[in-house]
Amino acid sequence: MTAPSQVLKIHRPDDWHVHLRDGDMLKTVVPYTSEIYGRAIVMPNLASPITTVDAAIAYRQRILDAVPAGHDFTPLMTCYLTDSLDADELERGFHEGVFTAAKLYPANATTNSSHGVTSIDAIMPVLERMEKLGMPLLVHGEVTHADVDIFDREARFIDTVMEPLRQRLTALKVVFEHITTKDAAQYVRDGNDYLAATITPQHLMFNRNHMLVGGIRPHLYCLPILKRNIHQQALRELVASGFTRAFLGTDSAPHSRHRKETSCGCAGCFNAPSALGSYAVVFEEMNALAHFEAFCSLNGPQFYGLPVNKGWVELVRDEQQIPENIALADDSLVPFLAGETVRWSVKK
């Protein structure tokens with residue numbers, strides 16, 4: 001019997017979906033991402049969404065100002081799609097290397113999405129332009145109709161929005177972000193080379209029982225919400241299969257403790273401190289460590305048409321203790337897996 005590996009050496013990974021926020025929160029959370037990842041797709045859903053080239057340039061600079069000396073990190077900026085967005089502004093940002101992709105939030109689907117898109121028809125000229133440019137569309141894949149159960153929002157989105165959109169724009173590159181269901185896993189698996197998906201550590205590690213049985217755990221509450229264990233298992237099987245159009249996207253989404261532990265708490269898991277080790281745990285549990293590097297470091301660049309990072313990261317079989325909380329200026333952050341240990345840690 002072969003002894004389990006003690007070291008995992010992979011090309012420096014990228015995070016293809018992260019929320020870095022702004023202000024003091026940004027200064028606190030950026031180093032957890034920039035220390036490990038070479039690049040990150042930065043979500044544009046600030047309180048004032050990133051809808052112009054100038055706003056993206058300014059936000060990118062605030063991020064870079066928060067990167068500690070010695071970290072080699074490039075934020076990849078995204079444009080927040082709205083019903084009134086100017087396609088020329090989007091194209092300018094893409095050609096100038098400011099916008100890497102554009103983000104579709106259905107209106108009111110998640111944090112700071114009230115400015116989001118009300119219908120695909122409203123932004124069809126913009127999407128047609130993106131198809132011509134080869135610019136990826138990043139999709140929060142949930143419908144938000146009041147009559148649709150929250151656990152069914154993703155599956156309904158596939159039937160009513162995603163598939164009609166991809167039928168109309170057959171060469172549009174689409175990332176189905178943070179997929180959570182067996183429906184989405186199968187849909188992406190059956191798709192063509194223009195369709196990919198990101199998957200978070202929490203949706204691979206947990207299901208809704210973990211969040212709701214024996215007491216409600218607000219720090220596992222995120223959107224899309226954790227689903228049944230059959231959906232969790234489908235996601236685990238997808239990544240364990242070595243499927244090349246699924247890649248790392250943490251959806252790390254920090255909120256202060258008082259905004260999570262309250263009568264109406266915010267959605268989001270701040271998983272940046274533990275995400276890479278958490279993914280390694282899942283791949284090891286699935287006997288799929290052979291596919292770990294591709295998921296973290298190779299599949300994303302291949303889909304985006306970007307080079308693989310030149311540097312390397314080593315994970316060691318050395319238990320990492322996740323802190324109970326992380327200080328903020330006037331509050332604290334409770335990270336994903338707070339107080340627990342993860343058996344793979346990034347070698348410093």
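Don't overthink the numbers, they just go from 1 along the chain as shown.
Quick reminder: no glycine exception, Cβ is built from N, Cα and C everywhere.
Feature annotations, courtesy of Swiss-Prot:
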BINDING   HIS17, HIS19, LYS103, ASP251  Zn(2+) 1 binding site
BINDING   HIS19, LEU20, ARG21, ASN45, HIS140, LEU223, HIS255, ALA267  substrate binding site
MOD_RES   LYS103  N6-carboxylysine
BINDING   LYS103, HIS140, HIS178  Zn(2+) 2 binding site
ACT_SITE  ASP251  active site
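Each residue in VAL18, ILE41, VAL42, MET43, ASN45, LEU138, GLU177, HIS178, GLY249, ALA253 lies on the same chain as HIS17, HIS19, LYS103, ASP251 and has a C-beta within 8 Å of the C-beta centroid of that Zn(2+) 1 site, without being one of the site residues.
In this view, ARG21 (substrate binding site) is surrounded by 23 other Cβ atoms within 10 Å of its Cβ, with every protein chain counted. For ASP251 (Zn(2+) 1 binding site), the same-chain residues 6+ apart in sequence whose C-beta sits under 8 angstroms from its C-beta are HIS17, VAL18, HIS19, GLU177, HIS178, THR198, THR200, CYS222, GLY268, CYS269, ASN271. Within 10 Å of the Cα of LYS103 (Zn(2+) 1 binding site), not one of the binding-site residues from the list LEU20, ARG21, LEU223, HIS255, ALA267 places its own Cα. For the recorded site, HIS17 (Zn(2+) 1 binding site), the DSSP three-state label reads strand. When each of the binding-site residues LEU20, LEU223, ALA267 is scored by how many other Cβ atoms sit within 10 Å of its Cβ, ALA267 comes out lowest. For LYS103 (Zn(2+) 1 binding site), the Cβ neighbour count at a 10 Å cut-off comes to 27, with all displayed protein chains included. The Cβ of HIS140 (substrate binding site) has 26 other Cβ atoms within 10 Å, all protein chains considered.
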